[in-house]
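Visitor: Found this in TrEMBL, in case it helps:
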TRANSMEM  16-38  transmembrane segment
DOMAIN    20-224  domain 'Cytochrome b561'
TRANSMEM  58-78  transmembrane segment
TRANSMEM  90-109  transmembrane segment
TRANSMEM  129-150  transmembrane segment
TRANSMEM  162-183  transmembrane segment
TRANSMEM  203-223  transmembrane segment
Amino acid sequence: MESSGPSPTALNNFRVVYLITQMVGASIVILTGSWVGVHLGGLSWTSNPAVQFNWHPLLMSIGMIFLYGNSILVYRGFRYARKKPLKVTHAAIHGLAFVFTVIALVAAFDSHNLAKVPIPNMYTLHSWVGMAAVVLFGLQYLFGFVSYLFPGVRESLRATYMPVHVFFGVLGFVLAIAASLLGLLEKAIFSMPDYRYLPPQGVLVNMIGLLLVVYGGLVVFLVTDPMYKRKALPEDAMLLTHSPSSQ
């Protein structure tokens, strides 16, 4: 449990950086949507497998990037809320991100398997890194749910597991950023024969990539800087004292 909070100056700095982080994350989703709609032919489902793929970058940018980043920031972004609602919110955002991720994966596999000439799956570095991020994300969600929302788990075990949960949560997010960058490059090379001449689509893709780096760096900074760690509230101690399953 946290024993002290940030100074007023540090808290103001946190709010500014947190707001910038949200703006950058939203920009990634908006620009990815623009890329899909303007340059990649919009959205479809199994009736047009080539276009169905476009759900993949769009939903991954929402789920594994924007929502994932916000989920791991929820304790610091809403530091004055009670801990149990924050846990539920953290789990709910993770769950929503997982739903988007599953649909995105289905779209990617369908676009390969249903093509007139089927395309092999899981042969690129992007697919390997991306699947590693998804598997780690899923395991984090499972073990985190059992450890912190399942009743009856001893507080000592939860406290022991917390550093592991935090580390692998951040690692999974970094892997998701890396997979997104690899996927952007892969799609740009496959879809733009003139990429070397930096057409408008190439500029847009490169801008999305730079924003991914900025967003990833900001999220990791905010979630790992001890200055911005959430201060424990009196209600947290009461919950810990009166309800062992509430933490």
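Just so it is clear, glycine is given a Cβ too, placed from its N, Cα and C backbone atoms.
Note that this is a predicted model, so its numbers are computed, not measured.
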Visitor: What else in the chain is close to the transmembrane segment (90-109), if you only count residues 6 or more beyond its ends and a Cβ gap under 8 Å?
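Guide: Beyond its ends, the transmembrane segment (90-109) has Cβ neighbours at 45, 52-60, 62-64, 67-68, 70-72, 74-75, 121, 134, 137-138, 140-141, 144-145, 148-149.
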Visitor: If you average pLDDT over the domain 'Cytochrome b561' (20-224), what do you get?
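Guide: Value for the domain 'Cytochrome b561' (20-224), mean pLDDT as a whole number: 93.
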